[in-house]
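Annotation comment: Swiss-Prot describes Y15, G42, K109, Y132, N187, N292, R388 as substrate binding site, evidence class sequence analysis. Marked as pyridoxal 5'-phosphate binding site by Swiss-Prot: Y72, A108, K109, Y132, N187, Y218, S246, F247, S248, R257, N292. The N6-(pyridoxal phosphate)lysine annotation in Swiss-Prot covers K249 and is backed by sequence analysis.
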Amino acid sequence: MVTVNENYLLLKSSYIFSEINRRVEEFQRKNPDADIIRMGIGDVTRPLPEAVVEAFHRAVDEMAEEETFRGYGPEQGYPFLREAIAENDYASRGVDITADEIFISDGAKCDTGNIQEIFGLDNVVAVTDPVYPVYVESNVMAGRAGPADDDGRYSGLVYLPCTEENSFIPSLPEERVDLIYLCYPNNPTGTTLTEKQLAEWVDYARDSGSLILFDAAYEAYIQEDGIPHSIYEVEGAREVAIEFRSFSKNAGFTGTRCAFTVVPEELEVPDSSGRMHSVRELWNRRQTTKFNGVSYPVQRAAEAVYTPEGQREIRESIDYYMENARIIRESLERAGLRYYGGVNAPYIWIRTPEGMDSWQFFDTLLNDAEVVGTPGSGFGPSGEGYFRLTAFNSFRNTVKAMERISELSF
């Protein structure tokens, strides 16, 4: 008889954004004329850059001709894109990453969720709290997390609280951990680590034999000096870290799907007998078995991001969204609400008004301002009492939403 993978039964009842959509749809049914402004899920609103679109068209035209048609491509990605990434994202910052260490994929969400498959189920996983849910839920599905308590805290995971009290900077684990998920600039808090702070994590991983899974999907939004764009800017990180990047938020690829993961050649992990194995080879084996690669037109489109025109156009989009973030911050100040982030990231992390939990604040904004954000409790126990807004809507909608919120009394 077929049975279910019971690890799936340990998942909380709903992925946070599914619950948000359910509540919004219910509100819309009851209020069909409502002008709802969505500032919750981190989806972009500006179109693809012109340089990207032109490259996309050219690649599609190639696919229409017998001489230039392409079928299955390399699972790791076409060399032209891997080389462009190595040169523009890493060599330009003095970081030594080769094209062979770069794996093209259809999204950082997929890669951060799938990477755990190549590691043993007895590995102890540490996550910052609040945390992007994919890191937690993929390990729940795999069987590493154990059951959850009433607060949604899984017994088998190590949580590293990030709160106002520690300026949202997690402390190094006191107990042994093997896999450490870090995301900076951070989703959901919008905060960052300095090079010195990140170096403490690299040193910890080198001393303890841990491995850092570093999500840098929002690095393009860094505005201030002294904040690393890549963990590999820190000495020794090649020995202890995997990095995830995405074209979704910097180049508008949320619907186009393209990202990449960097697995350095030096990175090795032992089996139960102590024999060392290349993580790059393990990830390559996983990808060649379960993934057929990103389409040729999409990879040509991603390559165009690195042209002078592409760089100028994505900078315009990033500046557009960061102007939205400035409007959000200033409006929250006028409303008397405490907030964090929104300077080096497109996310603003709001402290909910006293006596109001994060879902109550969600319902207040939805019902009284017709604005949708994301309750902090959906990102983990330490997210309770906080609320996330994103800067990814249009300028007009951002201004309108913040005017509505400013009119509320808290």
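Cβ from N, Cα, C; glycine included.
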Completion exercise
Y15, G42, K109, Y132, N187, N292, R388 bind substrate per the record; greatest CA separation between any two, in Å, is 35
Practice task
Can you tell me which binding-site residues out of G42, Y72, R388 are within 10 A of the residue listed as 'N6-(pyridoxal phosphate)lysine' by Cα, answering none if there aren't any?
Solution key: G42
Exercise for the section: Work through the binding-site residues one by one (Y72, S246, S248) and name whichever has its CA nearest to the CA of G42 (substrate binding site). Expected result: S248
Practice task
Could you say which of the binding-site residues N187, S246, S248, N292 has its Cβ with the most other Cβ atoms inside 10 Å?
Solution key: S246
Fill in the blank from the handout: Keeping only the binding-site residues of Y15, K109, N187, N292 whose C-alpha lies within 10 A of that of S246 (pyridoxal 5'-phosphate binding site) yields K109
Exercise for the section: Output the one of Y15, Y72 that, of all these binding-site residues, has the highest number of other Cβ atoms within 10 Å of its Cβ. Expected result: Y15
Fill in the blank from the handout: Long-range Cβ list for Y132 (substrate binding site), cut-off under 8 Å, min separation 6+ in sequence, same chain only, gives T112, C183, N187, P188, D215, F379
Practice task
Around the Cβ of K109 (substrate binding site), how many other Cβ atoms lie within 10 Å? Please give the count over every shown protein chain.
Solution key: 19
